[in-house]
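Heads up: the structure comes next, in structure tokens.
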Amino acid sequence: MADNPRNNINLVIPFPFASSPAQVVGITSDYIIETVSYSLSFFPIPLPFSLFPTPASTEVSIATIAEKTTGPLSHGSLRLSSPNEAKATPLVRFNYFSDPADLSRCVKGVRKMGDMMNTNSMDRFKYTGFNGERGFMFLGPALPSNWSDDSSVEDYCRSTVTTFWHYHGGCLVGKVVDGDFRVMGINSLRVVDGSTFTISPGTNPQATLMMLGRYIGLKMLRERRENLRRFLPVQDSYVL
């Protein structure tokens, strides 16, 4: 089983900014860069002698720039935590960056995010400090300052890694299910989801999974009709 590592930064925007769904802004053979913007509500805690004892919530615009490592070579496992209780939370471990190639891809992707931050188009998202210096405000960890040091960027990758929810593997075709996604050795059971994939396709597997579900569903209905025709009289077959 595997999962695509995600590392991202969250910028606090100094002005109201329209929310937008995820947008793909860059695709390479090693990583994918995506962005999303949204608003967060903050409720300040009033001070004991505040003139405004019940402050209203404050809307803050956030822009997220995320890097996704494609085709991870690092693999993990999912194990049952209890032999008796089906509802017990399983033991999940993805082993992010256990393969050095995945860590190297992350370093490239994080550096590319840094290159994006240094462009003129990003200057309007900076704040001006009391000393006149301009810089970004981050919600959460900022990018590492030492870009020339591989170990510094590698540490950043390890400490900020999280999931993109694109889990795959663990129920692979030819090992657990056959070519028709039937669970081998069990009747009337199929698995049609990302667990049958060796890699997570594209920037998001949702469309692929929806197409696969429709394809297998239509194939099951066609097989059912063909089986019924074998047992029904010819004159009644038109009902199908």
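Each residue, glycine too, has its Cβ placed from N, Cα and C.
Taken residue by residue, the domain 'Glucose-methanol-choline oxidoreductase C-terminal' (72-213) breaks down under DSSP into 46 helix, 19 strand, 77 coil. The feature domain 'Glucose-methanol-choline oxidoreductase C-terminal' is assigned by TrEMBL to 72-213.
Mean predicted confidence for the domain 'Glucose-methanol-choline oxidoreductase C-terminal' (72-213): the pLDDT average there is 93.
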